[in-house]
Amino acid sequence: MANEHASILFKLYCLTVMTLVAATYTVTLRYTRTVSSQLYFSTTAVCITEIIKLFISIGLLVKETGSVGRMLSSIREHVFGSPKELLKLSVPSVVYGIQNNMAFVALSNLDAAVYQVTYQLKIPCTALCTVLMLNRSLSKLQWFSVFMLCGGVTLVQWKPAEASNIQVEQNPLLGFAAIAIAVLCSGFAGVYFEKVLKSSDTSLWVRNIQMYLSGIAVTLAGVYMTDGAQVIEKGFFYGYTPWVCFVISLASVGGLYTSVVVKYTDNIMKGFSAAAAIILSTIASVILFGLQITVSFATGALLVCVSIYMYGLPKRDTTNLGTESSSKSKEKLLAV
């Protein structure tokens, strides 16, 4: 499999970039949803993100195949010539579309810190989906590290919203409901996409093109059903500012790096990377939103780092322990 041949440095590079992008994205998205009097339509932002990711994937496929002609023949064969594969990738497109819109709803109704803490339920949810859908086993130490990570993330941002300087009308119940849906969507869609990526040798960028084509159709339907009348009245790009464009760019880059991380590592490691991003976004919130770092932050940050280290430890192979112990006992008896 391709993921076995990826170097450790390349994996670390992808995880690091995804962590930095995720941290910046959360803080910037929260900023754009709270400071502007002309609030942009989140559905159009999600749609544009899918379009940008599609064009970037096409460009990377051109680089991979070596020419535009080979790229077109590859798309003709694997995308338009394989309706079953296109339909298969439409499943995570629909689910990711729901998840992205729920993230906007949640961050519009909850403080960024509360959102971050609650959203970490996606980590054990992803681990459970990995075990159920990929028939992959996790050691007791890895399960322990998963829940330690959740505890560490909770401590990292425990009661930081008390010092927030932002006052906007919010609906916490709606925000928590949106997070619950986003958590389920994140766990299922991520593991489903990982299963599709690793079950064949089809190019990652071809898979992305398949998914983003479906994603554009899904998000356009979301624009029409959710904000159709207002979009017609005010315009597709109503409320867009340079900061909104920056958020869309971050979402696009982050989505592409996420697919690379899923291809060459796994979804649980992606979750650990996101947890590291929380520490960075909290530090940024201290500077931008007046939040205060407490003792619980330092404790939680330590737990996050330890859990990441523990999860990365190699599993101990216990299949030969019995034979090794018996052979050692025989050697001792012979020595006697």
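For all residues, glycine too, the Cβ spot is worked out from N, Cα and C.
Keep in mind it's a predicted model, so treat the numbers as computed, not measured.
As written in TrEMBL, here are the features:
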TRANSMEM  12-32  transmembrane segment
TRANSMEM  38-62  transmembrane segment
TRANSMEM  141-158  transmembrane segment
TRANSMEM  173-193  transmembrane segment
TRANSMEM  205-225  transmembrane segment
TRANSMEM  237-260  transmembrane segment
TRANSMEM  272-291  transmembrane segment
TRANSMEM  297-313  transmembrane segment
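If you look at the transmembrane segment (205-225) against the transmembrane segment (38-62), you find at least three C-beta pairs under 8 angstroms, all six or more positions apart, and that counts as contact.
The stretch from 38-62, 141-158, 173-193, 237-260, 297-313 with the most CB pairs below 8 A to the transmembrane segment (12-32) is 237-260.
Using a cut-off of 8 Å between Cβ atoms, the transmembrane segment (38-62) and the transmembrane segment (237-260) share at least three residue pairs, counting only pairs 6 or more apart in sequence. The list of residues near the transmembrane segment (173-193) in space but at least 6 beyond its ends in sequence, with Cβ under 8 angstroms from a Cβ of it, reads 91-92, 95-96, 98-99, 102-103, 105-110, 114-115, 118-119, 121-122, 125-126, 128-130, 133-134, 211, 259, 262, 267, 270.
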